């Protein structure tokens, strides 16, 4: 006999359904469930007296015959595509399907079979997102990995060799020997990793050997000399070998201005790091690159969002990160030329317009690896409060803005670096790198992080408790293992045997060339940017871009009292 439940009672039992709205942490952002792929009255809840029992919601189907390895039940699936209530099935460490789980012998509409070999993760009342991707990593210390993972980031891409001064300043792993050693070091780490080689050279041989050694990208950095000749050489190699190029341009304008850099790039695909300029780049107008169709522009999180403390913090960070000396006037002038409140304020608005496509960290080199997700949503909240609803929103929700911002650290960096076939969204066939959130802690403290379908870290209580009681905090789990994750290599490196013998999944990057701003999901705006060289005021299509610094942010102190 059927029973009618109030919307509130249904949500409390089975999680939100179509039309229900969810507040993200303590922000002003509300997402609304757009569709529900489960069937009312046929929900598969696990537990004593519940549905997932033998002969009820659990079938007799073997794994060989198609039963899932794991089913996440009743979650709100949230990625750039939308917000959907669904069950999610996992097999072989990848997403097998999104739909209705259960027993086809007793239930209608089952698309994901629960069998005796199926594990259940209860997702009712939880939000499920893709694992985040941070594509601006200085590999300074291995302890960064846990800070990223416990924040919900499951893929790291960048360069370095440890706390060498080249790595402290630049995201490059220089040369085949260092690349091989870093691949070995990363084999035991529980996150997906891609290594970037050094791209600063005027002849191709030294770049080609790095790509053959497994580098999945090449990085041009001003501290190594980002000259027009180096830019052209690096992009020529990248086009031939299908790897991405990231660029940190010439702050001092010694070898040319932004126009000269764009001429050297010559319409080819390039990922422009911290395109606002506080992290480095042609002063004061590197931000003009956000309007170029071949440029994939990203931000790093120290300027996200613009607050009353942003300017003061940056000057000290910059002196340390780039090995500068306060006793040298030229070094002080170099630092001050990069920190401009006008362009940082404009960066907030350009993110909200979808002109900046990616947010990353710049880990330990001005940015915080564990705050990519937090600072993305703080930026979204600041813009919601200051600019109101986006023009394209429908209904009483912030779905469009939420989808735009989640794309900045999931699908767009994955597209930019040729790995979107494997990570970046919740779709069948992709790796089961997933993050489960309680809505109250969304973006701040994940409840559970899966890597390759295994629970890697989770909120866990006292291991000696009779039940998992306080103190509860994020701890490594059984899936916190190198074999759960993957290494992303160049195709040339994979064919040359780079990474062989490491006991790790090896995946080649692909289709990194010939893409552009139009491929950046929900973040493909290309306004014409003008920067006043005297006042640093920024205009987009003639409109002045300015906003006040935030004096208070969500997702901050109240979440970190303990």
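From the backbone N, Cα and C atoms, a Cβ is placed for every residue, glycine too.
Noted in Swiss-Prot for the protein shown:
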- 131-562: domain 'Urease' (DOMAIN)
- 136, 138, 219, 362: Ni(2+) 1 binding site (BINDING)
- 219, 248, 274: Ni(2+) 2 binding site (BINDING)
- 219: N6-carboxylysine (MOD_RES)
- 221: substrate binding site (BINDING)
- 322: active site, proton donor (ACT_SITE)
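Recorded features from Swiss-Prot, shown on the structure.
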residue	record	DSSP (3 states)
136	Ni(2+) 1 binding site	strand
219	Ni(2+) 1 binding site	strand
248	Ni(2+) 2 binding site	strand
274	Ni(2+) 2 binding site	coil
362	Ni(2+) 1 binding site	coil
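Taking the centroid of the Cβ atoms of 136, 138, 219, 362 as the Ni(2+) 1 site, the other same-chain residues with Cβ within 8 Å of it are 137, 158, 159, 170, 171, 246, 248, 273, 300, 360, 361, 363, 365, 367. Neighbour counts were taken as the number of other C-beta atoms within 10 angstroms of each residue's C-beta; across the binding-site residues 136, 219, the minimum falls on 219. Residue 248 (Ni(2+) 2 binding site) has 221 as its nearest neighbour among the binding-site residues 136, 138, 219, 221, 362, going by CA to CA distance. Each residue in 136, 170, 171, 220, 221, 222, 246, 247, 249, 272, 273, 279, 280, 281 lies on the same chain as 219, 248, 274 and has a C-beta within 8 Å of the C-beta centroid of that Ni(2+) 2 site, without being one of the site residues. Taking the C-alpha positions, the distance from residue 274 (Ni(2+) 2 binding site) to residue 136 (Ni(2+) 1 binding site) comes to 9 Å. Within 10 Å of the Cβ of residue 248 (Ni(2+) 2 binding site) there are 25 other Cβ atoms, across all protein chains. Confidence for the domain 'Urease' (131-562), expressed as mean pLDDT, is 95. If you draw a 10 Å sphere around the CB of residue 274 (Ni(2+) 2 binding site), it holds 27 other CB atoms from the protein chains shown. Counting only same-chain residues six or more apart in sequence, the Cβ atoms lying under 8 angstroms from the Cβ of the residue listed as 'substrate binding site' belong to 169, 170, 171, 172, 198, 199, 200, 248. Taking the Cβ of residue 362 (Ni(2+) 1 binding site) as reference, residues of its chain lying under 8 Å away and at least six apart in sequence are, in sequence order, 136, 138, 273, 274, 279, 300, 301, 302. Just so you know, the Cβ of residue 138 (Ni(2+) 1 binding site) picks up 27 other Cβ atoms within 10 Å once every protein chain is counted.
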